[in-house]
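Per TrEMBL, the features are:
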type     : residues : note
DOMAIN   : 20-470   : domain 'Major facilitator superfamily (MFS) profile'
TRANSMEM : 16-38    : transmembrane segment
TRANSMEM : 58-83    : transmembrane segment
TRANSMEM : 131-155  : transmembrane segment
TRANSMEM : 167-185  : transmembrane segment
TRANSMEM : 191-212  : transmembrane segment
TRANSMEM : 281-301  : transmembrane segment
TRANSMEM : 313-334  : transmembrane segment
TRANSMEM : 346-370  : transmembrane segment
TRANSMEM : 382-408  : transmembrane segment
TRANSMEM : 420-442  : transmembrane segment
TRANSMEM : 448-466  : transmembrane segment
Amino acid sequence: MTKLKQYSLLNEKTRYQLLATVIVNIITFGHGVGVGWLSPTLSKIQTPDTPLDFQVDIAEISWLGSMLGLGSLFGNLTIAFLLERMGRKFCIYLLAGPYAVSRVCQTRALHSNNMLFQCLWILIYCASNVYYLYVARFLCGFTGGAGYLVVPIYISEVADSSIRGSLTSMVMLSVNLGVLVGYILSTYLAYHIVPFLAIILPIAYFTANLFLPETAPYLLRRSQLNAAETSFRYYQNQKRGMEQVSKANFDELRLAIDAQQAQSHAALTYRDLITKTALKAFAASIVLSTGYQFSGIFSFINYMSTIFEASGSILDVNICTIIIGVVQIVGVYTSTILVDIIGRRILMLISTLGVALGCIVFGCFTYSAQFYDLSYLNWVPLVLMIIIIYLGNIGLIGLFFVVLVELFPAKIRSLATSMSVVFLSVLVFGTLKLFPLLLHYFGISVTMWFSAASSLLTFVYFLLFLPETKGKSMIED
């Protein structure tokens, strides 16, 4: 009973850590809505009945998808520059920006000083050509790239080690919730109604973040002892003073950071990035990012409706897409429950091997369907995709940022995580650009087999080299 209480997210001691996690993940939820919005919308804007004044072709679709990765790259670089200079709280707050929207002119011009996400949905609403949609997807990627960097670091610095994995994995849980909502809204609501609903999210995010203090580790690095103690007490839910155990934990944190400061009196240099520990962590992060993207899971999410059309399924593609959205949530929730109990490594191994086998079978089914009448098995693509997405989300997706943040030594964590997410953003751009072209020119079977091969190679690397980071201290190397 004591052990279960320790891992409970509703423990009185950690309830403000949970509250803070929910608040900062409003922006990742909103990012998910922007990602999920695309898939059902693509099928609408390619038809003569498009709600827009124009249609898009296959080349424009590939650019529309890949703009997410390009925006993510710029968002990550921006936050990477500010993260240590201005702090976690400032960067989290910056994701919201000024929430006052000037106005939308009848000429469809936009004024500056708008919130990023508000600009995103205004551009979607006002789109008079495909370039409006390009910019909207770029802004969606910008917010995601920035959020994927600062939010996991922020959560890892405020959370107790016993629940850190569960709280950090909520980043992808909230993204997947947003993706599901995006699927549903864009399937059942008129194109121009969705932006009016989605624009509520950045306003709520902006308001709620007013009440969160900066993280104690960052404040200690800035020699703001009183503010750090106040922050530590807040996230430990001890308003009237710290208990002896918490006081000891705070002193341990302070001494560890003081030791780091003493050892790294000089500025961070390139030598810190080429130590044996750092290079191992970079190698693992490269494989993690490459496996994440080339497994195809993220591309599947963005082009899910198109995949079901290509698979020959006669079931309603948008309903299938919504079902997959639910499966994503179940998968990430599973990882949230298990990550601090059985660890990161075993979930990653199950995930990568499961995705590989699922994609192989999916490719074989669609290949066989070219030569045999398999219409009586029209449910198989949905079942296989449910298995692939579920297994992908219990590890490769759900724990990506948990593992990424925990791989690196404390001294280089912010910079190294940023560098890794920059690399990930480049991969996102490339895979989202190539995926619809692969489907169009090589077919669904070859595309699935390529994803399977990537997942299988990732599994082999993880089996041999991925360290277990469960319970790892975030203040010690």
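In case you wondered, yes, glycine gets a Cβ from its N, Cα and C as well.
With a threshold of 8 Å between CB atoms, the same-chain residues lying at least 6 positions outside the transmembrane segment (131-155) that come near it are 20-21, 24-25, 27-28, 30-31, 34-35, 38, 56, 63-65, 67-76, 78-80, 83, 88-89, 91-92, 94-95, 116-117, 119-121, 123-124, 164, 167-168, 170-171, 175, 215, 401-402, 404-405, 413-414, 417-418, 421, 424-425, 428.
If one looks beyond the transmembrane segment (346-370) by at least 6 residues along the same chain, the residues whose Cβ comes under 8 Å of a Cβ in the stretch are 291, 295-297, 310-312, 335, 338-339, 377, 380-381, 384-385, 387-388, 391-399, 403, 443-449, 451-453, 455-456, 458-459, 462-463, 466.
Of the two recorded stretches, the transmembrane segment (420-442) does not lie close to the transmembrane segment (167-185), with fewer than three CB pairs under 8 Å once pairs fewer than 6 apart in sequence are set aside. Mean predicted confidence for the domain 'Major facilitator superfamily (MFS) profile' (20-470): the pLDDT average there is 81.
Sequence-distant contacts of the transmembrane segment (167-185) (same chain, six or more residues past either end, CB-CB distance under 8 Å): 9, 17-18, 21-22, 25-26, 28-40, 144, 147-148, 151-152, 155-156, 159, 193-194, 197-198, 301, 304, 318, 321-322, 324-326, 328-329, 331-333, 335-336, 339, 393, 397-402, 405.
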